[in-house]
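Database features (Swiss-Prot):
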type    : residues                                               : note
DOMAIN  : 6-185                                                  : domain 'Guanylate kinase-like'
BINDING : Gly13, Pro14, Ser15, Gly16, Val17, Gly18, Lys19, Gly20 : ATP binding site
Amino acid sequence: MRSRRGLLIVLSGPSGVGKGTVRKELFSHEDTRFQYSISVTTRKPREGEVDGVDYFFKEREEFEEMIRNEKLLEWAEFVGNYYGTPIDYVEKTLQEGKDVFLEIEVQGAIQVKKAFPEGVFIFLAPPSLSELKNRIVGRGTETEDVIENRLTVAKEEIDMMDAYDYVVENDQVELACERIKAIVVGEHCRRERVAKYYKEMTEGL
């Protein structure tokens, strides 16, 4: 049984925890029907990232115009770059009964929760801070100063997990995906999500 309006599913966590890897693995599963909401960012593309697939890559001036025109559900500045979520796309997709999947930074997730408290907020946690550092170093794209900055921010973000509905440890990507899928199935069956549909159905009898 599924609720008729789509769910807004927000996956968030520290930089380097593997949000992108988990999201790509989830979307490779045939039994998932998520609609990925592509974020807008001003950071430079990493190797293998494609504009319009992984992110919409914008210049700072373009992003700031979107802020002024209130075209973003949320936005945040993280390590010198902007990140944001286009609002019109999200609401339209939810109304169509599709689940919208957001993979965003922690600051952005907190903003989204204020605007969409009925969303499903999942904090992706690392097995340990040492493992998180290994993953960031393994990218080979960050300077030592940036790595240390990201770890400092990560500690602050882990302290913010109380704002989330669920915490999923990313010890193994496949296991993390199965946990997230189980969360979504359960959320679709929550009484408060399906009650309105059945109330309308019985009123028509």
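The backbone N, Cα and C atoms fix where each Cβ goes, glycine too.
Fair warning: this is a prediction, and the values are worked out from it, not measured in the lab.
In this view, the densest Cβ surroundings among the binding-site residues Pro14, Gly16, Gly18, Gly20 belong to Pro14, judged by other Cβ atoms lying within 10 Å. The 10 Å shell around the Cβ of Lys19 (ATP binding site) contains 19 further Cβ atoms across the protein chains shown. Of all the Cβ atoms in the protein chains shown, 22 others lie within 10 Å of the Cβ of Ser15 (ATP binding site).
Annotated ATP site Gly13, Pro14, Ser15, Gly16, Val17, Gly18, Lys19, Gly20; additional same-chain residues within 8 Å of its Cβ mean position, judged by their own Cβ, are Leu124, Pro126, Leu132, Arg135, Asn170. In the predicted model, the domain 'Guanylate kinase-like' (6-185) shows an average pLDDT of 90. Contacts of Gly13 (ATP binding site) defined by a Cβ separation under 8 A and a same-chain sequence distance of 6+ are given as Lys19, Val106, Phe123, Leu124, Ala125, Pro126, Glu157, Asn170, in order along the sequence. Val17 (ATP binding site) is surrounded by 26 other CB atoms, counting those within 10 A of its CB over all protein chains shown. DSSP classifies Ser15 (ATP binding site) as coil under the three-state reduction.
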